[in-house]
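Copied over from Swiss-Prot, here are the features:
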- His80, Gly121, His122, Ser123, Gly153, Ala154, Asn181, Tyr277, Glu360: thiamine diphosphate binding site (BINDING)
- Asp152, Asn181: Mg(2+) binding site (BINDING)
Amino acid sequence: MSLKLNKYSILELIDTPTELRQLTENKLQTLCSELRLFLLNSVSKSSGHFASGLGTIELTVALHYVYNTPFDHLIWDVGHQAYPHKILTGRKNRIYSIRQRHGLHSFPCRNESKYDVLSVGHSSTSISAGLGLAIASEREKLNRRTVCIIGDGALTAGMAFEAINHAGTIKSNLLIILNDNNMSISENVGALHTQCPQQKKYTNITSDIKKIINSNIYNKNKNTSTAIALFSNLGFNCTGPIDGHNILTLIHNLKNIRNTKTGPQFLHVITKKGYGYKPAEKDPIKWHAVPKFNLKSGILSTNKNIKYTTYSKIFGDWLCQTAMHDNKIIGITPAMREGSGMNKFAQKYPKQYFDVAIAEQHAVTFSAGLAIAGYKPVVAIYSTFLQRAYDQIIHDIAIQKLPVLFAVDRGGIVGSDGETHQGAFDLSYLRCIPNLIIMTPSNAYECKLMLHTGYHYQYGPSVVRYPKGCATNNILYPYNNTTSLYSIPLSKGIIHHQGQHIAILNFGTLLKPAYNVALQLNATLVDMRFVKPLDEMLIKKLTENHQAFITLEENSIIGGAGSGVNEFLVQNKLLIPTLNIGLPDFFIPQGAQREMLSELGLDSQGIYKKIVRWIKI
């Protein structure tokens with residue numbers, strides 16, 4: 001797919017910011033309009049993160065116009081908003097490939113472009129890295145400018161506050177731009193958000209921004225927005241709030257700041273997520289990341305082949321059903337309400353629902369307090385974000401044996417968001433924690449049973465780990481919403497096919513391809529269900545009449561469930577040849593889930609080939 005550039009009279013002339021900086025200021029508004037249209041046309045045909053980029057068109061143009069990139073450093077926090085940046089930095093002819101295998105990365109990536117100073121994907125990292133770069137520049141006497149662009153959603157994370165506190169004392173030449181659009185992925189939450197001078201509803205973006213700015217003109221007494229007051233009190237020179245969709249206003253203020261050499265700077269910019277496309281302006285949550293869509297009608301394409309419900313919805317339905325009978329169950333999410341399937345729960349049980357913002361560490365220890373008080377906290381969190389709260393899991397939950405249930409979504413391959421978002425490590429980093437039980441459902445019914453089991457488990461924390469996407473393994477487990485629930489006996493696995501010679505020990509949702517392989521090889525197939533504790537009795541029994549073991553998981557081989565089986569076999573002097581199949585020792589790149597599972601040899605054909613090749617050695 002390619003996009004016809006001849007209808008973009010100015011944009012087609014720009015391959016790098018060098019050409020951009022040769023334009024006169026009176027042409028920049030036309031460039032912004034063309035860039036917005038180009039983004040609309042490209043994402044509607046390719047899919048991708050959408051609303052955030054629409055809101056940063058003018059800011060992106062202004063930054064590359066004023067600053068001498070790539071010598072000067074621009075750092076985009078998270079990176080959802082960086083599509084316009086990619087288009088202006090030599091990648092517009094490849095923008096259609098974004099998030100696809102061998103295509104452009106979803107987020108800024110150092111390996112992709114010299115203009116991408118920091119590889120990102122997780123939130124709130126920009127200020128820390130930017131401060132390090134600014135200090136290094138000063139020590140090398142490079143006269144380089146460093147600019148961090150962070151959204152008001154990302155500013156809720158503790159790491160951002162830690163960096164701001166440090167930057168205010170160092171007095172380095174660092175500019176922090178707050179892209180204040182009243183949103184993260186969902187609506188923002190927290191006192192910082194509610195105290196900022198940002199209106200929750202817009203009718204006309206230009207008039208609303210003027211109202212906000214006119215009512216909050218900055219003065220030396222610091223009586224403006226909470227954000228400006230915060231930064232000013234921490235030693236920053238503050239400017240704003242200003243209209244983030246007025247290109248000339250942005251350029252004027254950025255030039256003034258660039259020519260100032262007195263310590264750290266803060267610029268408060270008001271933007272609107274989805275700006276310039278009415279459907280995205282009206283519903284920026286829906287249009288945060290989109291499939292292909294009809295640009296004229298605003299109708300998103302749907303996958304007509306989807307026959308089963310998603311694991312996220314299974315979790316959300318279970319949470320609602322459980323809350324009907326228990327007002328002490330508390331659902332907690334760190335700013336991932338929609339993705340984790342908690343919309344319905346948040347609406348039906350608002351007093352039992354907490355969105356703690358992008359604050360994974362706080363989410364976990366907050367759940368500890370609830371558990372101590374006799375409540376039943378359920379933390380719904382993506383695998384890749386749970387990494388950010390590792391100490392809290394150990395120190396605040398596991399050591400104290402607190403009954404907190406972790407619903408770990410996006411375990412395994414997540415697809416198009418790539419290496420920063422793959423759930424490749426959770427079984428490895430959780431398995432070594434004492435007092436923790438880990439369950440890996442292979443289908444919809446098992447997922448609900450395990451959530452039910454974890455909810456009733458009172459002797460410590462429990463984890464139910466499931467992947468992104470649909471629960472398609474109903475071939476082995478008939479299931480519907482009326483099927484009764486019960487607690488699974490701890491550690492107990494299930495033999496699904498009795499074969500000979502080879503035993504396949506499956507952990508999680510690779511059960512369906514494993515079943516096909518077991519039939520081909522006449523191997524015994526076991527759904528282990530528990531990564532911790534293992535079904536040691538079953539493993540011992542299998543060693544008595546099998547000559548080889550295969551462990552199978554959608555997690556890093558190193559330290560994963562298969563490693564747990566290896567450890568048990570060695571400790572008990574059960575010397576049976578064992579092949580561990582899982583994710584290899586490198587960061588898994590982007591690509592569709594099915595595509596990446598095939599490439600990694602984790603579909604039926606790939607698993608079969610790995611086993612046969614190993615047997616022949």
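Using the three backbone atoms N, Cα and C, a Cβ is placed for every residue, glycine included.
What you see is a predicted model, and the numbers here were worked out from it, not measured in a lab.
Here the features listed in Swiss-Prot are placed on the structure.
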| residue | record | contacts (Cβ under 8 Å, 6+ apart) |
| --- | --- | --- |
| His122 | thiamine diphosphate binding site | Val78, Thr384, Phe385, Arg388, Thr420 |
| Asn181 | thiamine diphosphate binding site | Ser52, Gly55, Gly151, Asp152, Ile270, Thr271, Lys272, Lys273, Pro284 |
| Glu360 | thiamine diphosphate binding site | Pro334, Ile381, Phe385, Leu386, Arg388, Ala389 |
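Its Cβ taken as reference, Asp152 (Mg(2+) binding site) is surrounded by 23 other Cβ atoms within 10 Å in the chains shown. Every protein chain considered, the tally of other Cβ atoms within 10 Å of the Cβ of Gly153 (thiamine diphosphate binding site) stands at 30. Cβ contacts within 10 Å of His80 (thiamine diphosphate binding site), excluding its own Cβ and spanning all protein chains shown: 28. Look at His80 (thiamine diphosphate binding site): DSSP puts it in coil. In this structure, His122 (thiamine diphosphate binding site) belongs to neither helix nor strand by DSSP; it is coil.
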